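Asker: Below you will find the structure I want to go over with you.
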Amino acid sequence: MLRSLPASLALVAAFASKASAHAAFWDKSMYGFNVTAQTFPYDNRPQVPLYNMTFDQWWFHGHKDYPPNEGDFFELPAGGEVNSIISCDKGATPFYESSPGGDSGYGSNSPCPGQPMSEYHTTGIDDVKGCCMAIAYKPDVNDVQPDDFVVFSCNSTCVWEMNTKFEIPKLPACPEGGCHCAWFWIHSYDSGAEQIYMNGFKCKVTGDVGTQPLGKPAVPRRCGADPDHGKPDPTPGNCTIGAKTPMYWYQREGNNMFEDTYDAPYYNPLYGFNDGAQNDIFMDGVIASLASSGTGSSPTSTVDSSSSAAAASTSYPAQPTSSTQDAPGSSAYPSSSSDSVNSPTTQPYPASSASSTSEAQTTPAAVPTSVATEASSSPIASTTVDEAVVSSSTVGSINPTRSCKPRPSGVAAQKKKRKHARHLHNAH
């Protein structure tokens, strides 16, 4: 029996390693702070990846009914910086005492102490793709919609260390009751399956707060140098400048990004997110080439499709359409309407001309009715929406698991794998 003990311990250690993979933002201000693997019918701990889920399952990680204690806020010092805790395991953070397994490595600055880099989806520091924080100026979590969030800070070397700094722009004060924030991460395509990470938390702006309201956010666009896809030079005219939304990708419904399996969107310069505070968030988001030409001064400007390659939607700049993607996702946020419209897809590879921002044919992006019609008192700059385009998603419930989604097979997928030299032997 004693001989079998080391083998048993090895098995337990291996299981523990697998169970604590992936990463999450950890703070007492977060939703789902005390959620365990047994809270839901499926493993829905904060560090579990999100993919192919219904809107209610991925939005705030499905943790809206597990709020922080009254008065717990993550403080954002206006014009300063803040330290955040990002880890694969709550037990490896300063909050280990409330972890079901207790202390599992606290004291290390690794996001996953004692585990290989594949557990936090990277092959090395050159393979990290960045993460971000976004803010919504609404105190009631049930009022927060996807387009309310504005990305205000990015860290381009994330996930790499447990202690991760975020620079804070001169944000205006939150309303009474505070703001809502969220941490977002999409890892490298060559270090795991296609998925996103989102953890919501209560936050408030402190210190010498600003007075300028945030602009109306627009969807980010692929515009940076992309040598892996034969684009050695950036296409700045294709960037979204100004306030930008987070990137909602690879879900069953609620996507605003439609890149395919091997073209993941990232919170780095490839999508117009520079490292540090996003100090352009005080202007409305708009496609750079349209702004420079004066064609569109704000994302609600209507562009004549007969004279421009880009047509604007009724709320944000239209994204170019492309062929059907492998990623599952409906084109709009859930609504009660029985009507539906086609949603645009983002262009993984911008046109060769810097002045061209999309394909000739575009379709308007659907937005939630509440976003298009709500009169908000938040410091997000108001814009006029000519018409609310509403879509419905009537997708049935699914049964997600914490395991990463298997990759597509077939000749095309295998060619893509070989082309990009994927490192799949330790992927999750």
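Just so it is clear, glycine is given a Cβ too, placed from its N, Cα and C backbone atoms.
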Asker: If you look at how Swiss-Prot annotates this chain, which of 192-215, 216-239 comes out as region 'Disordered'?
Answerer: 216-239
Asker: Based on what Swiss-Prot records, which one of CYS112, CYS154, CYS158 is disulphide-bonded to CYS131?
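Answerer: According to the record, the bonded cysteine is CYS158.
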Asker: In Swiss-Prot, CYS88 is listed as disulfide-bonded to which of the following: CYS112, CYS132?
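Answerer: Matching partner in the record: CYS112.
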Asker: How many neighbouring Cβ atoms, not counting its own, are there within 10 Å of the Cβ of ASN34 (N-linked glycosylation site)?
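Answerer: Summing over all protein chains shown, ASN34 (N-linked glycosylation site) has 16 other Cβ atoms within 10 Å.
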Asker: With every protein chain in view, how many other Cβ atoms are within 10 Å of the Cβ of ASN238 (N-linked glycosylation site)?
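Answerer: Around the Cβ of ASN238 (N-linked glycosylation site), 26 other Cβ atoms lie within 10 Å.
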Asker: Taking just the CA atoms, what is the gap between ASN238 (N-linked glycosylation site) and ASN34 (N-linked glycosylation site) in Å?
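Answerer: Given the Cα positions, ASN238 (N-linked glycosylation site) is 42 Å from ASN34 (N-linked glycosylation site).
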Asker: When a 10 Å sphere is centred on the Cβ of ASN52 (N-linked glycosylation site), how many other Cβ atoms does it contain?
Answerer: 18
